[in-house]
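Report on one structure; see the data block that follows.
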Amino acid sequence: MLPQDPSTEPTPADDAAPVDSAGQASAPSPADPEGVAHPRRIRSFVRRAGRTSTGQQRAIDEVGPRMMVPYAPQPLDWEATFGRKAPSILEIGFGMGETTAHIAGLRPQDNFLGCEVHEPGVGALLKLIDERGLANVRILQHDAVEVIAHMLTDDCLDGVHIYFPDPWHKKRHNKRRLVQPPLVKVLAARLKPGGYIHCATDWEEYAHQMLEVLSGEPLLENTSTAADGFAERPDYRPVTKFERRGVRLGHGVWDVVFRKRAA
């Protein structure tokens, strides 16, 4: 097991920065629903300049070779990747990985594939995987939209987690938001019948956009019976430190859970 070290917090993205400096793809455009990489695509994230700590780098070097999956534009062999056949959950943008590790620990029967471009976050989750002995998590350090388009096949996923994606709160930046109809259409195709998409955000206007976009996908149905359409927080999703702080300040958090209709 790797030695402990303080976690490095991610540096918030500068919302004035228009693109990811690495030039990776992001949310697919309506003209390109399969998310094929294109250098002029509007991006839903920027690469943050957070420092990778010594412990995180050690985890990348020592744990990464076992737990990281290289990007390749060909279908992922889930059974070979995880060494077993099990329900498959995709997490898009896991941040520093605490929620991913928590859920994976609660649900050892499921396989979790996390996509994250931020290197300190990758290192932080690899440390947690090592410290907690998690065998059911793999990491792809690549733009999730390209992974979904080129590595995932239809009817391969049992669930998708999208927690606290960048809200791009300035109106002129709303088009950069991850949860948009073209991406949801592809995710719905990748889900098995009965599979779910679970989104969470602390930005109310984005929460309503998520609800509207998911409601507009014919393959999906809302699991909530509440009048406003939002779901109670599922027991498996932990309340993060950031979330607790927001609640103390009077901020809300909204969960949206949709399921793919039976074939």
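Backbone N, Cα and C define each Cβ position, glycine as well.
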Swiss-Prot S-adenosyl-L-methionine site partner of Glu91, Asp143, Asp166, selected from Glu116, Glu119, Glu131:
Glu116
Per Swiss-Prot, which of 106-111, 172-177 is region 'Interaction with RNA'?
172-177
Under a criterion of Cβ-Cβ distance under 8 Å and sequence separation of at least 6, what residues of the same chain contact Glu91 (S-adenosyl-L-methionine binding site)?
Thr100, Phe112, Leu113, Gly114, Cys115, Val160, His161, Ile162, Tyr163
The binding-site residues listed are Glu116, Asp202, Thr240, Lys241, Phe242; by CA-CA distance, the one closest to Asp166 (active site) is Asp202
DSSP, reduced to three states, assigns Glu243 (substrate binding site) to helix
Residues Glu91, Glu116, Asp143, Asp166 [recorded S-adenosyl-L-methionine binders]: greatest CA to CA distance in Å:
14
In sequence order, which residues at least six apart in the same chain have a CB under 8 Å from the CB of Glu116 (S-adenosyl-L-methionine binding site)?
Gly93, Phe94, Gly95, Gly97, Val122, Leu125, Ile139, Gln141
So for Lys170 (substrate binding site), how many other CB atoms are inside 10 Å of its CB?
10
